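Participant: Submitted below is the structure of interest, expressed as structure tokens.
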């Protein structure tokens with residue numbers, strides 16, 4: 001296609017493209033931090049009822065702290081103190097009777113709870129007592145955030161196709177930062193929940209806009225490198241997040257800290273170019289030529305862009321164009337379900353960080369670190385075997401690992417941990433692949449809409465992942481079975497998609513319907 005030829009003439013991967021990747025990398029650092037934020041700000045410290053009301057001014061006040069807990073807090077059948085109940089009256093006889101069972105009357109906590117602040121100075125749980133009968137509100141904060149991400153993906157996908165990638169990236173930076181910082185100063189649970197919804201809504205524009213913007217500015221040969229680098233920004237953010245959360249153990253300060261990189265991203269935005277592909281597709285040839293000449297100058301080439309020609313769009317495109325025609329309809333259905341399955345498996349594994357039996361911070365760091373070799377291997381596989389085989393293969397291995405852990409006995413913790421790490425690595429590789437793969441499948445005129453829709457489906461998969469993990473109350477292995485099936489179904493869906501290796505990006509819906517995407521000469 002004409003644009004691909006011009007891009008090749010001006011160097012499709014030079015200093016100009018590196019600048020775009022660096023600016024995107026800075027803005028994307030905060031995303032994985034916010035996506036995994038609930039693992040720390042909503043952590044549940046060890047807690048028990050505040051039993052100060054049992055102080056009768058006599059014997060109770062002369063007891064040590066440990067003795068007060070013995071006479072004030074009942075012991076559960078597993079030998080641990082109850083977190084939600086206290087004795088109605090002090091049971092002094094328990095100081096002499098070491099039995100774990102007592103018939104003393106118990107009541108729900110009367111005066112709140114006392115929390116262990118050894119690990120966390122403050123969390124949402126301790127701030128608003130989101131335990132016992134309120135523990136559902138604690139879980140809901142993650143779901144509320146990802147519901148916002150779902151709808152934000154759709155909104156920013158449509159708006160960036162209509163108004164441009166560059167301006168919507170700035171809108172996402174600024175609005176995401178404002179809502180995130182505001183949520184750190186919430187004075188009530190309801191206020192926090194509302195602000196977290198809008199944080200998710202706004203911040204998701206960063207990932208879907210920057211991913212497409214990066215891909216649209218590079219040549220075919222380096223497209224896979226950009227996809228992997230974008231994905232590694234998530235790994236870098238997740239790894240750094242573990243260290244940040246370790247040193248910043250107050251939930252308000254943690255939110256502000258992980259959001260602060262957006263300040264630098266906003267400053268750097270002035271150097272971010274608009275997508276020349278989007279400008280051409282919208283008939284804005286003069287602006288497209290300006291950016292292409294700027295690209296050529298920075299890359300040290302002198303290619304002429306004066307011959308650039310196109311026709312302005314005769315109409316605006318929307319999400320309905322993803323389903324108007326037969327081939328686009330098939331593409332949208334398959335990629336949407338694929339993203340749901342990939343995200344469901346990936347985050348189903350990621351949210352289950354307690355399964356390691358390790359320190360919470362170490363678990364977060366380990367899960368993030370395993371993504372590095374997985375995503376680096378993707379870089380080589382994408383061209384060696386292609387996008388489709390890579391996506392199918394990584395999902396199959398993810399499903400196999402999830403299946404193996406269903407069969408491995410629970411007491412073989414080392415073996416289960418190794419299998420879980422391998423599964424996490426391959427699920428990360430499948431996620432890295434599907435982002436690049438999908439951006440290459442959709443035509444320029446609806447690419448951002450397509451990615452917005454796919455991101456919506458992915459966040460839907462993320463939102464239901466915590467609910468799936470709760471199904472262990474029905475059958476302990478049911479969550480693993482469901483996640484395993486999701487991975488295998490995703491592999492089947494990926495097998496139905498077209499290969500995009502060494503092929504030019506489609507520009508129009510007609511390219512998809514008539515299957516006329518030429519093979520690159522690279």
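Backbone N, Cα and C atoms are what each Cβ position is placed from, and that goes for glycine too.
Straight from TrEMBL, here's the annotation block:
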| type | residues | note |
| --- | --- | --- |
| DOMAIN | 92-502 | domain 'Major facilitator superfamily (MFS) profile' |
| TRANSMEM | 12-31 | transmembrane segment |
| TRANSMEM | 140-160 | transmembrane segment |
| TRANSMEM | 167-185 | transmembrane segment |
| TRANSMEM | 191-213 | transmembrane segment |
| TRANSMEM | 225-247 | transmembrane segment |
| TRANSMEM | 253-272 | transmembrane segment |
| TRANSMEM | 337-358 | transmembrane segment |
| TRANSMEM | 414-439 | transmembrane segment |
| TRANSMEM | 451-471 | transmembrane segment |
| TRANSMEM | 477-498 | transmembrane segment |
Participant: Who are the chain neighbours of the transmembrane segment (253-272) in space, where the CB to CB distance is under 8 Å and they lie at least 6 residues beyond its ends?
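Facilitator: For the transmembrane segment (253-272), the nonlocal Cβ contacts are 19-20, 22-23, 26-27, 29-30, 33-34, 37, 40-41, 166, 169-170, 173-174, 176-177, 180-181, 183-184, 206, 213, 241, 244-245.
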Participant: With pairs fewer than 6 apart in sequence excluded, do the transmembrane segment (167-185) and the transmembrane segment (140-160) have three or more C-beta pairs that lie under 8 Å?
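Facilitator: Yes, these stretches are in contact.
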Participant: If you average pLDDT over the domain 'Major facilitator superfamily (MFS) profile' (92-502), what do you get?
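Facilitator: Overall, the domain 'Major facilitator superfamily (MFS) profile' (92-502) comes to a mean pLDDT of 85.
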